[in-house]
Amino acid sequence: MASSGKKPGRPGAVRRTSRGPAVGSGGQGRQALEGKKPTPKAEDRPYHPAGKAKAAKERYAAAGGKAKAAPERRTNEPKIAGRGGPAARNGSARGAVSGASRGGPQEPARPQRRPLSRGEESEVVTGRNSVVEALRAKIPATALYIATRIEYDERVKELLQLATSRQIPILEVMRPELDRLAGFDSVHQGVALKVPPYEYAHPDDLYDQIVARKEVPLLVALDGITDPRNLGAIIRSTAAFGGQGVIVPARRSVSLTASAWKTSAGAAARTPVAMAPNLTQSLKSLKAKGAFVIGLDGGGDMALPDLELARGPIVIVVGSEGKGLSRLVTETCDAIVSIPISAATESLNAGIAASVTLYEISRTRAQK
């Protein structure tokens, strides 16, 4: 059969050996090729660090303070961390000064708040060294327990003298009873000190008492800190640098335990600690009273030396070293401030970060 000379394939199909002409957009992309508006400045972009710094500066200026223009934050600044005696010692929550006592018009009586507590049972401090240190630090105590037939060394003699001088009841008990009181896994060494639960003030009442004394409030609020030694160190720094109190949340936070009392080196006896049922709402309430709230974070909008903090009431919010400030607390703060540190240092713990900030505020206020 003779060949027809046609290539095999579908009848009528046309095989193209090259690409055809490119199809145009028909003018639909013409606007995309036109020039855009000028790029906004960094400080005019709300999500840029410079824009955040500008917004923080405006908020601080509106609150009555002064703020310098913050330089661009260094990229090697790591993230940093961020509660002195019972409220009755500086005037309880019910002892707010009325307008009549200050010579002004008499104000309506405010509802009285009961001192807050977490409903915790009394804490027991065990061990000879721990009990001696707790008594030296003048931690409130309700009873000192001594095991029968205990060996009276120098520490036992000292703790007996300290308890007697403070008129703390001394009870001699059998060792099985002391084991039950201290816990069967506790090494009590024959001595135990019973410490009552702490009664906290309310943040609003604490703030009002400070204003009534015609002082400029300087408070430290803790967000998510669970180490009692950090709490004790912050109380000590607050007292040392002119602060009037510490605020702790009611949940997921450390309380004023005997360990915190001991770390404060006696400062807990003269620096009130307030408990906030809800930290975010308490910060908003303090802002409504005129406080400027700053949070500590390595990624802050402003560096600590660039913000003049001497004017007006200040609340410093310190978060935990691992997690930092919570989202809601961060959104509530008027400004997020960073502490410039060496790139070789990964972070600062909560106690040190609070101490540095308190010192800077104290130094700036002293220059006024």
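For all residues, glycine too, the Cβ spot is worked out from N, Cα and C.
Nobody curates TrEMBL annotations by hand; they come from automatic prediction.
Summarising the annotation, TrEMBL assigns compositional bias 'Basic and acidic residues' to 33-47.
Residues or ranges marked as compositional bias 'Low complexity' by TrEMBL: 87-104.
The annotation domain 'RNA 2-O ribose methyltransferase substrate binding' is assigned in TrEMBL to 124-201.
Annotation source TrEMBL lists region 'Disordered' at 1-127.
Within the domain 'RNA 2-O ribose methyltransferase substrate binding' (124-201), the DSSP-based counts of helix, strand and coil residues read 29 helix, 19 strand, 30 coil. Within the model, the domain 'RNA 2-O ribose methyltransferase substrate binding' (124-201) shows a mean pLDDT value of 88, rounded to a whole number.
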